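Engineer: According to Swiss-Prot, the record shows the following:
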type	residues	note
COILED	228-320	coiled coil
LIPID	38	S-palmitoyl cysteine
């Protein structure tokens, strides 16, 4: 058998297994190669109708009619793959699939109903249906199925257990009783309302009469007040008009006085202007005479001054020229000297630079030598430490001996005590002498020995340090030791 091209319809998928496919391949169209198997499965939802028998927490049975629209989840590849593996080998309308879905729904419904009382189920029907829907969906997820719609009908009594019918009768009777109560309350409200309306009518009539009297008196008072206000406004208007007339007369008098003052000022200004003009003309005449006299004097003395000025200018220019030439020569000489000093400084700088580079090179080589010496010493110490079995104390002693540290310490100590004249005293408490064998033994003998050692000890301390013992301990006389006991 050769290659075959397979195409699925709009509500179908192809499940391909076999050669070259690790698990299951889902596709809408594909080439089927030899060694492969292609299976079609429909993903359209199916309606499942059930009447689930459950029991509440009080052990009361009931029937839950339900219609579930269930199908594979087309927008999730994982769900489709699970459906293709678990459900697609069977017809979706087969008894096997029907029993599977029914078992899931009945199981979740019974578990949920067993945790609730009948009153809770009856009062919270909507929440109960939602809980059934959510729990069933969780179980169907493992088969790749999704609930498209769930229509849970009204709860029904089981034959011989009429709990819901009794609850309905109870509700109906409560509604009838509530209706009677509502009718009685409405009749009571009507009678009470009629009496209240009659009383309110009388109260409103009396209130209107009182308000009418008050309004009449109030309007009369307002009329009197308005009349007095109008009279006052008329009087104020007359006073304002009289004040405006007086103000106009005062303004007219002030304007007349101002006009007279301006006329007098104009006459005075005219007279002063004539006098000022006469003085200005006289000043012009005097200025003209002075200018003519100045020109005459300039003509007499200016020619001589001009000649003297030109001669002095020529002399100043010649002297300036000589000074400029001398300054230029001096500047040229200073520039040459500066160039010579610059060249000398460059040569000295070059020489110092070479010396610095040579010194830097020498320091670098010296540092490299120190580094090499340090590396060699490090290798030497590591080898010695290994030869001595890792004993740092033995390595230290060897290094001190090889470097002459002990010899140097001995030399320093010898230099420190050179020139000193130490006094060495040796004494004995005479415990081994025959003359003292007869003395008391034990503790008293030891105490006697200590007291005998004190005099020579104090004498030696005095000879070497010059210090005397305290008076309570003993005294030294004539260089001979003495003690008190």
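Glycine is no exception: its Cβ is also placed from the backbone N, Cα and C atoms.
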Engineer: What residues, ordered by sequence, lie under 8 A Cβ-to-Cβ from residue 38 (S-palmitoyl cysteine) and sit at least six positions away in the same chain?
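Structural biologist: Once residues fewer than 6 apart are set aside, residue 38 (S-palmitoyl cysteine) is near 4, 6, 14, 15, 16, 30, 32.
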Engineer: On the three-state reduction of DSSP, what should I expect for residue 38 (S-palmitoyl cysteine)?
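Structural biologist: For residue 38 (S-palmitoyl cysteine) - judged by DSSP and reduced to three states - the answer is strand.
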Engineer: Give me the mean pLDDT over the coiled coil (228-320), rounded to a whole number.
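Structural biologist: On average, pLDDT over the coiled coil (228-320) sits at 83.
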